[in-house]
């Protein structure tokens, strides 16, 4: 059985049906002038207008409990959602979608106005009720760069509001645009939107230009942005004939796209002429400019052609360029696919390796400019063999990990939302095993103007003062130009009440005649910003903007907010009263925001009543009332249980609900998270669902949904249907025999502030005594749906007193355990909430660490529900410099971290974190020492001394840096070293930097694993948590000669049985001057070993031919190179294995091939062939004279017992003179093979088949067959016998 609940219509009452806005943000929305505070949020609370709702299905349910008391801040709600997302799911359950949602009826029309006011409140703008006079305000306009489709009519939007309604006119290219003179141009009614119609003809290009809209009424004129109208273009690709591109294998190649200039620019991609996409990888990729780059061309690149394609956005067309055809010149024309995965593919194909070089951008340095807020794209594409790897770095710092990402196989670096901090020098490093190269890109970040303080509408009462501020930044610094009603402010009539001070206009003693719309235009070479702000002078007594006497209904223990939108000029003050009481509501469970909204942190029964908000200014007052009703939560107290039923039986799922009697209850059912269709076989009652004649299609999850207008509760159970004479096949199969049944009938008694007695009835022990009971609890505030172990009791008891923590809404269940296993958990008990108390502990794992050089981040482990002890758990964070007398700094935090800014570099701080809830503070916390952020070290190690230990290691010694120069925690001293060159001429070496670390504050260390006989350079740095400090003076040293590495490519070949050829290449790392090679070899046959022989060769000799002394044994060769220091690493190979007995045919064939090359053997074979020819001639002469062969006719002459008769009646025709030669021949493995043959005279003929009549004349086919066993036993020897081969030739 599963218990589920989803926050539904009531959630946090007061947020349930309202717009998705944050109450605090709305409550704190303010006007540009602090004393002119206006709240325009809707007063209606979301719990008020929710009619009975029907449930719409959703595939998954993600929250457990909704109707319990919840006092969650936005941070807690986010934590709850994350915990729920990580909650283990029951096996087989499907979580496929969002939380179940309620389908609500449309609220009254005034609700929409209230929602609009609340949204406007959140935006921070001052709104005047539309029934009051006001200047125009632009509400909608087209984008600055307006690109249109030439196939459609042109639409340039401009809409505005004002009272009276504004009129509109346009300028085009800074000149008045007379719409009446152009029949194609019209303006929408009650709007300034232009419509240019081309249904009757015309060219859209004729209307390109810069447009600006003016909205005017008697109080002023508002301006739109300057809208640049452009018509989309998708020009055709120029026709061209492309010759085949001839390129040498391994060489770099660039296929240029050069797309036609479109508006907007087309999307480029490469395909073959057969519309197959070109596979791109590290070697072959498309650059940002659309060209296709080959770091090195391989033979397989000829298998397709390459066509550049351009996709145009507006026309939705793709244009294809004529395809390039490649012709690759190669030294190895065989395109063996197996070589593609060869570890050294290029060498295997005979392609020379080479160091990387840049194909784009070219050279060693370039520069790039990017605008603030845009994406910076840096690209480096390199050629080389093997294909180079690309790495990116920023000089003097790290890449911004939160904004940087690599694209196009690391060939491109994209930094999103660029800021001034991203300027500097970046470099890309291209490297392969042959070397490396780098390209430096200097990035300059400029900025189009962006707002620091955008001017806002100014509403003043007569005689009040005010100001409009237009402050923007950019690079270069933008200039500010003020206008009034669309005209430059300098040309406006002078106004003694108005003073312009750069980016600020100051108004003093404002009068009604001062109403106007001011425009601020700030611009630089990269763009402009235009803002309208009106000055409206009103004398208005307070007025309420929401309906009167509203009814707000909320769920017990939830949080809500009462809003009272109002308007007045001068700005009224707002106060709240309850049930006519004289004292203003603020403090305790109530909190009044600056804009007048009243928040009730946790609704209780005593909070029910009538709340009055009163707005007052010098012109009068206005008030409104809100009636608040508190409702009990909806709760399923008898939930459906998981069931296993046989097909054809009846199943009943219970669902008993408690709810507030004043709310209408609706109970519905879901099956597999979809609405359940109640058919003839089902019966739905108020407290149960009955299924008659259960079928297999009824298997699944069933969810009971109990909902009211304000909240809902859910419970889920799983029904498993068993087929006849079948066992359960899913996760709800019958429990294993012997485990106890679950305890039942849990009851809570002896309720106290910190304890409760839990009693249960044990289940059947199934013939194995119950040894233990485990009591678990679940709370619904921090981790709803997650069960925790509370305590463990002996199996002999069924009642226990449980110690509880304050302010936890407990629910308990019990699990029985015997020696076989544990039972299913019992059904949960009723909930019990303990009263609150101040926390008795503080958060653990308090740390203070710097994340930047000028800050310190204080973190801790949040306290869980059982240690919160009360609502609104928060943390008082205190800090101060260690060993100083300065006072403590403190701040209250609801999360689990706080960042202290503007700190000195790496300074110790004393830190305390104390828990606090609405009932008080926790105990005095312990003091923890933390440190502010580190900066890079300022000094380098000095007096670095190097002593060479051997050919591969050196000893280092240095003077340590002063502690105050480390500027952080000293992690290690680090040596950067690189191999500058080898002492051997013409030997290429990799100059890749390596490092050796020496942790702690030490003055010496050892660097090992160096290459002998080489020149090295070395630098030392000190490292802290931020990174490396400055580098020391570069030191040079030389390693002495060492022993060489193993010779490369040691190959052993055996062309015949007499000789073995050895070949090898020089060592990859000679590590000195080679003086020769040493070869050791010995013969072996199984476990028998021969005498070892040693051969010494000159350093230039790389081949050796050995004469075999033993044709049967194998040889083991060990080869090493020598320098003056000694022999180096050896490489061992063995001669090919001799043929074994399992393959006699192959062995004999090899031996036969060797013999066949001898002259004596050729002469012998010729003699035998001549004798056979003479014999055949004699036979034919005898036959022509009437001689008879001893042939018996099958039908006349009976066969003797010695005749080899076959199953099919055929028999062998043999002649005594033509019997196979008797003899034997020695095979390679020393065994003796008997050479046998049963060839008949027919085998000597040209056809191989023949028939003869009684007198020997040819009459047709004569069947020749051998004995089956004979054929199988001599098949291989007969095929390879030289004698038989001669017979078959004859």
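Along the chain as shown, the residues are counted starting at 1.
Placed from the backbone N, Cα and C atoms, the Cβ positions cover glycine too.
TrEMBL labels come from automatic prediction, so no person has curated them.
Now, the feature entries from TrEMBL:
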- 1-20: compositional bias 'Low complexity' (COMPBIAS)
- 1028-1038: compositional bias 'Basic and acidic residues' (COMPBIAS)
- 1204-1215: compositional bias 'Acidic residues' (COMPBIAS)
- 1221-1234: compositional bias 'Polar residues' (COMPBIAS)
- 136-232: domain 'Ig-like' (DOMAIN)
- 238-325: domain 'Ig-like' (DOMAIN)
- 356-442: domain 'Ig-like' (DOMAIN)
- 449-536: domain 'Ig-like' (DOMAIN)
- 541-629: domain 'Ig-like' (DOMAIN)
- 633-715: domain 'Ig-like' (DOMAIN)
- 742-837: domain 'Fibronectin type-III' (DOMAIN)
- 842-935: domain 'Fibronectin type-III' (DOMAIN)
- 940-1042: domain 'Fibronectin type-III' (DOMAIN)
- 1046-1142: domain 'Fibronectin type-III' (DOMAIN)
- 1-31: region 'Disordered' (REGION)
- 825-850: region 'Disordered' (REGION)
- 1027-1046: region 'Disordered' (REGION)
- 1125-1146: region 'Disordered' (REGION)
- 1191-1290: region 'Disordered' (REGION)
- 1160-1181: transmembrane segment (TRANSMEM)
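356-442 is the stretch from 136-232, 356-442, 449-536, 633-715, 742-837 with the greatest number of Cβ pairs below 8 Å to the domain 'Fibronectin type-III' (940-1042). Within the same chain, the domain 'Ig-like' (449-536) stays apart from the domain 'Fibronectin type-III' (842-935): fewer than three Cβ pairs sit under 8 Å, each pair at least 6 residues apart.
The stretch with the most CB contacts under 8 Å to the domain 'Ig-like' (633-715), chosen from 136-232, 238-325, 356-442, 742-837, 1046-1142, is 742-837.
For the compositional bias 'Basic and acidic residues' (1028-1038), the DSSP-based tally of helix, strand and coil residues reads 0 helix, 5 strand, 6 coil. The residues of the domain 'Ig-like' (449-536), classed with DSSP into helix (H, G, I), strand (E, B) and coil, number 6 helix, 52 strand, 30 coil. Mean pLDDT for the domain 'Ig-like' (633-715) in the predicted structure: 92.
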